[in-house]
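**Q** Could you have a look at this structure, given as structure tokens, before my questions?
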Amino acid sequence: MAGELKVLNALDSAKTQWYHFTAIVIAGMGFFTDAYDLFSISLVTKLLGRIYYFNPASKSPGSLPPNVSAAVNGVAFCGTLAGQLFFGWLGDKMGRKKVYGMTLMLMVICCLASGLSFGSSAKGVMATLCFFRFWLGFGIGGDYPLSATIMSEYANKRTRGAFIAAVFAMQGFGNLTGGIVAIIVSAAFKSRFDAPAYRDDRTGSTVPQADYAWRIVLMFGAIPALLTYYWRMKMPETARYTALVAKNAKQAAADMTQVLNVEIVEEQEKADEVARREQFGLFSRQFLRRHGRHLLGTTVCWFVLDIAFYSSNLFQKDIYTAVQWLPKADTMSALEEMFKISRAQTLVALCGTIPGYWFTVFFIDIIGRFVIQLGGFFFMTAFMLGLAVPYHHWTTPGNHIGFVVMYAFTFFFANFGPNSTTFIVPAEIFPARLRSTCHGISAAAGKAGAIVGSFGFLYAAQSTDASKTDAGYPPGIGVRNSLFFLAGCNVIGFFFTFLVPESKGKSLEELSGENEDDDDVPEAPATADHRTAPAPPA
């Protein structure tokens, strides 16, 4: 049985070794790039509006029209959703390693192409930018199921949660780096090409050279991805895929002996036995009986979490303006506005985002996934209500810092909570031959939530007073009521967490049921399953 395969037992009981940390860095740099690319757009959207939608007759600086802003902010999420489903499925069909390099090269190419977006009109530039950001998102989407699955299948069961969490925690550094790069670029351009505030000189407040600033910020994301490509190609296929899906226990033992200091004996007959028993398909009656409620729990929790998380993260600049933590747009030049938005996001990343990720790394294998996720949803709800109920108090002079502190705590408990655990758990609780697919489905549900948040929040957060809305937007429900809605999403996630099993300290095969006999599964020749081609020797 799978639980008795020596190659898998050796992986579960292996001491933490140098290659584990190497794998964390290789997989983590993908997530560093993912976070940088997905969140860097929020740093430059105000600048894009000033450059391409400038109206000299307007008292306010140019801003992206509602449909354009929604597309620029949300199109990468649409690509990510599609990529999660496609590459998740492909990772179970072709193997984790074969697909892993494809996603990274797609990210590198589209990162560079995003910064080279062109057109004879504003619409042309935005259309080109959206095209490349969709395919950038497609590559990013593949990184979610593949990185999580690869790390879970390499790790030992004692520290598996920390290893997967460490990969995901690189997102925090991606966010931070995005802010730092934007600060450096905007400061450098501002010092070289200084400009007056918009209200003092509407045309001169946006210097022509500012068109290079946003391009540099977007293109920088290609560098860490490119540096990681070689090492991804050197990684061997995971032993769990090779033994349980490709049915080659000998190759699995050989691969793991090369990279981990463990003695492994091949057991082809036991691997064949697992293949004969574990043949039920995705969404079959047996799958739904074993894992249906688990998949429902992971998808719903990730969906509602990302509505709250991404709507808040993408639109930090709007929230900061609403509480007057950022000056009014017409009192700043274009590059000064970019600098101050980037500085604010960097501060939140440094104080709220990164600590939350690493608290998860340190505590997840001590207190478990369930407690962290449940507690995270609870405290996110509490802090969002703490922002929403006395919202008018936070907008009065002298109370803005308190708002930012409370806002940072919501990010802390998102990352020391469901933002991390919703990524980790789907990589642990499903069978090896469906693991990448199920993680992709769960992650795609999350990105559907991100799309709802990124598109919906643009409209919902608009003032209820039509005279105070951004140009082109109808009146919304306001930031205060939007925060109430996001708190409600967290409440839903709290209750659906009870559908997700605790995976701390258990082997992947114990969690997925692959080490259990099941009378409902008919005996069949090992060659009857043609759904996955055996992986060739590395």
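Residue 1 is the first one shown; counting continues down the chain.
Glycine residues also receive a Cβ, built from the backbone N, Cα and C atoms like all the rest.
Annotation source Swiss-Prot lists compositional bias 'Acidic residues' at 511-522. Swiss-Prot lists 507-538 with the feature region 'Disordered'. Positions annotated as topological domain 'Cytoplasmic' by Swiss-Prot, on the basis of sequence analysis: 1-23, 91-98, 145-163, 232-294, 418-440, 503-538. According to Swiss-Prot, the feature topological domain 'Extracellular' maps to 45-69, 120-123, 185-210, 316-346, 391-396, 462-481. According to Swiss-Prot, the transmembrane segment annotation covers 24-44, 70-90, 99-119, 124-144, 164-184, 211-231, 295-315, 347-367, 370-390, 397-417, 441-461, 482-502.
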**Q** With Cβ-Cβ distances below 8 Å as the criterion, list the same-chain residues six or more beyond the ends of the topological domain 'Cytoplasmic' (418-440) that contact it, or say none.
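**A** Tertiary neighbours of the topological domain 'Cytoplasmic' (418-440) are 84-89, 91-92, 96, 141, 144-146, 148-149, 151-153, 160-161, 164-165, 168-169, 240-241, 244-245, 278, 282, 287, 291, 294-295, 298, 301-302, 305, 309, 356-357, 360, 364, 369, 372-373, 376-377, 380, 446, 493, 497, 500-501, 503, 508, 511-514, 531-532.
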**Q** Can at least 3 Cβ pairs under 8 A be found between the transmembrane segment (370-390) and the transmembrane segment (482-502), with each pair 6 or more apart in sequence?
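**A** When sequence-distant Cβ pairs are counted, the transmembrane segment (482-502) touches the transmembrane segment (370-390), since at least 3 lie under 8 Å.
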**Q** Could you break down the residues of the topological domain 'Cytoplasmic' (418-440) into DSSP helix, strand and coil, giving a count for each?
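**A** Split into helix, strand and coil, the topological domain 'Cytoplasmic' (418-440) gives 19 helix, 0 strand, 4 coil.
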**Q** For the transmembrane segment (347-367), which stretch among 99-119, 124-144, 211-231, 397-417, 441-461 has the most Cβ pairs under 8 A?
**A** 397-417
**Q** Go through 124-144, 164-184, 397-417, 482-502 and flag the stretch with the largest number of C-beta pairs under 8 Å relative to the transmembrane segment (24-44).
**A** 164-184
**Q** If I count Cβ-Cβ pairs under 8 A between the transmembrane segment (124-144) and each of 70-90, 164-184, 441-461, which range comes out on top?
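**A** It is 70-90 that shares the most Cβ pairs under 8 Å with the transmembrane segment (124-144).
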**Q** When only pairs 6 or more apart in sequence are counted, do the transmembrane segment (99-119) and the transmembrane segment (70-90) reach 3 or more Cβ pairs under 8 Å?
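**A** Per Cβ check, the transmembrane segment (99-119) touches the transmembrane segment (70-90).
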**Q** Answer with yes or no whether the transmembrane segment (70-90) touches the transmembrane segment (482-502) by the criterion of at least three Cβ pairs under 8 A, sequence separation 6 or more.
**A** no
**Q** Restricting to CB pairs under 8 Å, which listed stretch, 70-90, 295-315, 441-461, is in contact most with the transmembrane segment (397-417)?
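**A** Per the Cβ under 8 Å count, 295-315.
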**Q** Return the stretch with the most CB pairs under 8 A relative to the transmembrane segment (70-90), choosing among 164-184, 211-231, 295-315, 441-461.
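**A** Looking only at 164-184, 211-231, 295-315, 441-461, the most contacts with the transmembrane segment (70-90) come from 441-461.
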**Q** Is it true that the transmembrane segment (295-315) and the transmembrane segment (211-231) have 3 or more Cβ pairs under 8 Å, skipping pairs fewer than 6 apart in sequence?
**A** no
**Q** Checking distant contacts: for the topological domain 'Extracellular' (120-123), what same-chain residues at least six beyond its ends satisfy Cβ-Cβ under 8 A?
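**A** Hits for the topological domain 'Extracellular' (120-123): 52-53, 68.
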**Q** Can you name the far-off residues of the same chain, 6+ from the ends of the topological domain 'Cytoplasmic' (145-163), with a Cβ under 8 Å from a Cβ of it?
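**A** Tertiary neighbours of the topological domain 'Cytoplasmic' (145-163) are 11-16, 19-20, 23-24, 27-28, 30-31, 84, 87-88, 91, 96-97, 99-100, 103, 235, 238-241, 361-362, 364-365, 369, 423-424, 426-428, 432, 435-437, 439-440, 443, 503-508.
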